[in-house]
Amino acid sequence: MKIGVLGLQGAVREHVRAIEACGAEAVIVKKPEQLEGLDGLVLPGGESTTMRRLIDRYGLMEPLKQFAAAGKPMFGTCAGLILLAKRIVGYDEPHLGLMDITVERNSFGRQRESFEAELSIKGVGDGFVGVFIRAPHIVEAGDGVDVLATYNDRIVAARQGQFLGCSFHPELTDDHRLMQYFLNMVKEAKMASSLK
C-alpha cells in the first residue's frame, strides 16, 4: 500500500514515520505526477493559506481534485482539515472543498495556546492524546458526515466517505491508531475499486 504525504509544508517527516510504523510505504508528494500510483494521501498541518499558495504554484489543485474524484482516500490534519472543508468561516471560497463541513481557523487560540487533550475517537478508541497547535475546529458537519471525536463540545475529528479530517496533529505522538484507521479506509477503497 502506497500512501502519499503532501510535502509542501508542515510535519511531513512525522507523517512518513507514522505511515511506515503502520507497515505501509510513504511517498512525499510535491509534483502532480507523484500522485500517480498512490492509494491514499495525507494533507499535513502547516499554515493553510501558505499551503494553498504552494498548491497553486505547483499546479496541484486540479490533480488533487482528480485524485479525490477517483475515490482515493484523503486524510487532512490541522491545516489539511481546512483544505478539505467546503466552507471556512470568514472566507468566501474553500480550497479543495471536498468534505461537507464548516471549519473555523485558529479557533483554539494562537500558537502559545497549544495544548494536549485526551480524546475518545469513534472507531479508534479511548485515551488518544490529541496535540492541538493553532488548531481549527469543525463548526458544522453535514448529514453525510460522521463525527468521530469532540473536545469541549467542539468537533475535532470527522469522516465523510473516503475523507478523514482532524483538528489535531496525530503524527506528533507515537500513538498511530488514527493513521491505522486511515490505512484501513485505504484498504477498503482499494478492495472496492478492484471489484468494479
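Positions of Cβ are set from backbone N, Cα and C atoms, glycine also.
Here Swiss-Prot has Gly46, Glu47, Ser48, Ile133, Arg134 binding L-glutamine, and the candidate from Arg105, Arg154, Arg159 in that same listed site is Arg105. Long-range Cβ proximity for Glu47 (L-glutamine binding site), meaning a same-chain Cβ under 8 A and a gap of 6 or more residues, is found for Gln9, Ala79. Summarising the L-glutamine site geometry, the residues cited as binding it (Gly46, Glu47, Ser48, Arg105, Ile133, Arg134) extend over a maximum Cα to Cα distance of 13 Å. Scoring each of the recorded positions (Cys78, Ile133) by how many neighbouring Cβ atoms lie within 10 Å, the top position goes to Cys78. Within 8 Å of the centroid defined by the CB atoms of Gly46, Glu47, Ser48, Arg105, Ile133, Arg134, the record's L-glutamine site, lie the Cβ atoms of Gly45, Cys78, Ala79, Ile82, Asn106, Ala135, Pro136, excluding the listed residues themselves. A separation of roughly 13 Å, to the nearest angstrom, links the Cα atoms of Gly46 (L-glutamine binding site) and Glu171 (active site, charge relay system). You'll find the Cα of Cys78 (active site, nucleophile) roughly 7 Å from the Cα of His169 (active site, charge relay system).
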